[in-house]
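As given in TrEMBL:
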| type | residues | note |
| --- | --- | --- |
| SIGNAL | 1-23 | signal peptide |
| DOMAIN | 31-136 | domain 'Inhibitor I9' |
| DOMAIN | 162-657 | domain 'Peptidase S8/S53' |
| ACT_SITE | Asp171 | active site, charge relay system |
| ACT_SITE | His246 | active site, charge relay system |
| ACT_SITE | Ser610 | active site, charge relay system |
| DOMAIN | 731-824 | domain 'Subtilisin-like protease fibronectin type-III' |
Amino acid sequence: MGNLYWVYLVLPFCFGLVLNTLSQENSDSDVYIVTLKQAPLSLSYQGFNNGSTSVRLNKLYKPRNDSRSHQRSSSYISRVHDSLLKKALKGEKYMKLYSYHYLINGFSVLITPQQADMLSRRQEVANVVLDFPVRTATTYTPQFLGLLKGVWPRDGGYETAGEGIVIGFIDTGIDPTHSSFADDVSDHKYPIPDHFSGICEVTRDFPSGSCNRKLVGARHFAASAITRGVFNSSQDYASPLDGDGHGTHTASVSAGNHGIPVMVAGNYFGNASGMAPRSHIAVYKALYKSFGGFAADVVAAIDQAAQDGVDIISLSITPNRRPPGIATFFNPIDMALLSAVKSGIFVVQAAGNTGPSPKSMSSFSPWIFTVGAASHDRVYSNSIVLGNNVTIPGVGLAPGTCSNEMYTLISAVHALSNETTLANDMYAGECQDPSNFDREFIQGNLLICSYSIRFVLGLSTVKQASQTAKNLSAAGVVFCMDPFVIGFQLNPTPLNMPGIIIPSTNDSKILLQYYNSSLERDGFTKKIVRFGAVASISGGLEANYSVSAPKVMYYSARGPDPEDGFLDNADIMKPNLVAPGNSIWAAWSTLGMESVEFQGESFAMMSGTSMAAPHIAGLAALIKQKFPHFSPAAIASALSTTASLYDKNGSPIMAQRAYTNPDLNQSPATPFDMGNGFVNASSALDPGLIFESTYEDYMSFLCGINGSIPIVFNHTGQNCQLYNSTVTAADLNLPSITIARLNRSQTVGRSLTNIAGNESYRVDWTAPFGVSMNVTPAHFFIAMGEKHVLNITFNAMTNDSTASFGRIGLVGNGGHNLNIPLSVIVKLY
C-alpha cells in the first residue's frame, strides 16, 4: 500500500524576493526553457539512452511508478544542471527556476537573450525556448450521459466508480475543505492507490490534513510567474489553495464525490457527482487568477505529475498564442505530454474557447485527446409577465414573486434620493449603491436596474444590485439590457430574491416602453405622480429538460487543426469529440474570484471547454478501471469510435455558428466541429475494436515533417534514423482520417484490434463530396485478440479547396458499432 506524504514548503515567499530583485537588475531578462540532449529519467529507465536503439515495451502496458527510487537520480541531474549553468555563464547572474528530470531532461532559467545564446551553443544543450503564457480555456450531466442507469451499475455502482485511478489536474488548485473532496462521505473506505507517490504541500494557506485518501496529492508551481513580478500572494496564494475557483470546479466535474447537495444563494439545485466519483485527485497548481500561467510552470507540473504516477492528466488550459516554428506540435508543453503518453498516461486537453471560426483550435497534437464543448438538455429560465399580458423571457437562478400577485415596477433612475442625480452619478441606474435611492419609492415594488457594459467588464455586478434591492426592501429586481451591450451571452446568475435578467435588448425595449407609457405625470411640472406599470416574476429555480441537445456551443474551438504558424492544415482531426461543457454545476472555492456572481458560494455554474475536458478525464478513469492495461491510444479509441452523431431526439447534432444569437445561426455539425461526435459513456466501456498507436508511431510522424530532424532531436534527444520518417499524419492509426491535400489519389491503412469476443463486421462508408473512395475488405471476421487492417483509398473527382466530410461505419453482428469520421480539404483532380 502507498502512503501519503506531507511536506512543509515556505520557499516561494522568500524566493519571490530574490527573483524580483534579479529581474529589476536585468530588465531584459526573461525565462527560457532549456532541454539537454541526455535522455530524461522516464526514458532512461525504459531503455533509452541518447539516441540508442530503444527497448520496445508492451504497448498496452503502463510502467508502474517508481519515483522514490528516482530521488537520488533526480538530485544528481539537478546538480548536473547547476554545473552546466556555472560553466556556460561563467559567473554571470542567473536564476534557475526548475530542474526537469522525469519527462524531459532540462531546466527553466531566468537569463538575458545573450546568455540564452551562450547556452544554446553548448554541446550538452539540445534546445532553448522562450517561455510563453497560457490561460484557462455538475448535478445532471452524469444522468444525461447515462452513468446512473447504465455505466455505474454495470461495475458496482457509484460506490466503486473509478476507484484506484488517480487523475492529475493542472489548473488553479483546489479547495481541500469542500465536501466533494472529503474521504469520509461513505461507509465504503477509500483505498490508498499504491502506485502513486506524490506529496501534499503544507503551507499557511494549505494546512496539514488538507489531503486525504481522496485528495492524495497537492503541489503548486509559480517560479516563472514570480520572476516576472506578476504573482500576487494575497489572491494567488503560494500554495495549492484555489483562489480562483476554476481548478476546484474541474476537479469535481471529473472526480467529485457522489450525492453532494448543491446549495447556492440559499436555493437547492440537486445533488452533485463527478463522472468517476471514487477516483483519486492529485492537484498541480500552475495557473492563477491574476495572470493565468506560464509554460515553464506548466511543464514542471506535468513532469511532477508523471513522476508521481498519475494515470490521467487533465488540462483545462490552452496557450495564449499558436506556437511558432515549423509545426505547432513542437512546443515544450506538447512535447512533455508526449513523454507522459509514452509513460502510459492518458492526456485530456480543452479545445479552447475561441470558436466558432475555422482553425480556432488551441490543442494540436495527435497524442493529446482534445475536447470541445456541447450543451446538455437542462436549462433554467424564468419570465416576467407584464400588466398588459405580455410575457418576456429571461434568465436568473432566482425565486419568483408571489403567485397571482402583480407588483409595481419602478425604474432606479426614478427612485433616486434627493441628494443623488444622474449628473453626479451617471451609473446610479445600475443599482450598485443603496444610498443613492429613496426607500419609500422602492419598498414592496419591483426595482428596474440597467445591465450595462460595466457588468460585462466586472465593474458592476448583479450580486451587488440584488443586494441593493434587498436592502431597500424591494419585492424583486429586474435587469434590462443596455442597447450598447450587443450579442453578450448571459449565463444563469444566482439571486437571493425574486429577480430576472432580460438578455435581449429588444425585449428590454418592450418592457421599458410599457413602463414609460404607464407613467402618469403632472401636467404642469411633468413630475411623475403615479407608477402605473405592474408585473410578476415567475421563478427560475426549476430546471426543464425540453430543449434539443446536445449541440456544439458557439465558443467551442473548431478545426481543421493548424499545423504551423502559416495556418497550413494538419492531417489530424481536431477536436477528438465533444462533451457537456455548458452551464455545468460543480464545486467552487469559497475564495473563488473567477465569477463575481458566485463569490462566497460552494458551487458554481460555469461554461466552457474547460468544463468539457474533465468530463472526459472522469470517463477515461472508468475505462482505465475496467481495462487497466489499456494504453492512452486505446482509451482515446474507445471514447472516439463509440461517440454519438445524433441528439436526444434522433436528429443530427447541430453546431452554433455565431456568437450573436447562436440558436438562430446553427447548422449540422461537421467533424471539424465535433470530431467523432458527442461522447457516449456506456458504449465507450464496450468498444469492441480499438485503434492502437504507440510512442514510436508518434515519433515517426514527427520525424516525417519536412525539416524536423534536428528539432526532434532537440526536443527528445533521439535520432530520427531510428524511426520510419515516411509516416505522415494521415498514416497514424487514429480513429479518424483527415487529408489536408488530396493530390489525385491516396491510400491509408487502419489497424483494428479486437478486445471483445469473435465478431463479423460489415463496412459501410459515405465519401466526402468531390471524392470517390473504396474500403477493403468490405466484410471481415475478427477473433478475440486478433488484429485486422482496413485499406482506404481516396480519389479526387474535382479541383476544390472547400473541406468536405464523410464517414466509415463498422457494424458488428455482436452489437458493436464504430464510426470513423473523414475529412478531405484540398482536392486536386
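These residue numbers are counts, starting from 1, taken along the chain as shown.
Any Cβ shown, glycine's included, is placed from N, Cα and C.
TrEMBL feature annotations superimposed on the structure.
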residue: Asp171; record: active site, charge relay system; CB count, 10 Å: 28
residue: His246; record: active site, charge relay system; CB count, 10 Å: 30
residue: Ser610; record: active site, charge relay system; CB count, 10 Å: 30
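In the predicted structure, the domain 'Inhibitor I9' (31-136) carries a mean pLDDT of 74. Each residue contributes its Cα atom, and for Asp171 (active site, charge relay system) and Ser610 (active site, charge relay system) those atoms are 10 Å apart. Assigned with DSSP, the residues of the domain 'Subtilisin-like protease fibronectin type-III' (731-824) fall into helix, strand and coil as follows: 1 helix, 63 strand, 30 coil.
Note: the CA-CA distance between Ser610 (active site, charge relay system) and His246 (active site, charge relay system) rounds to 8 Å.
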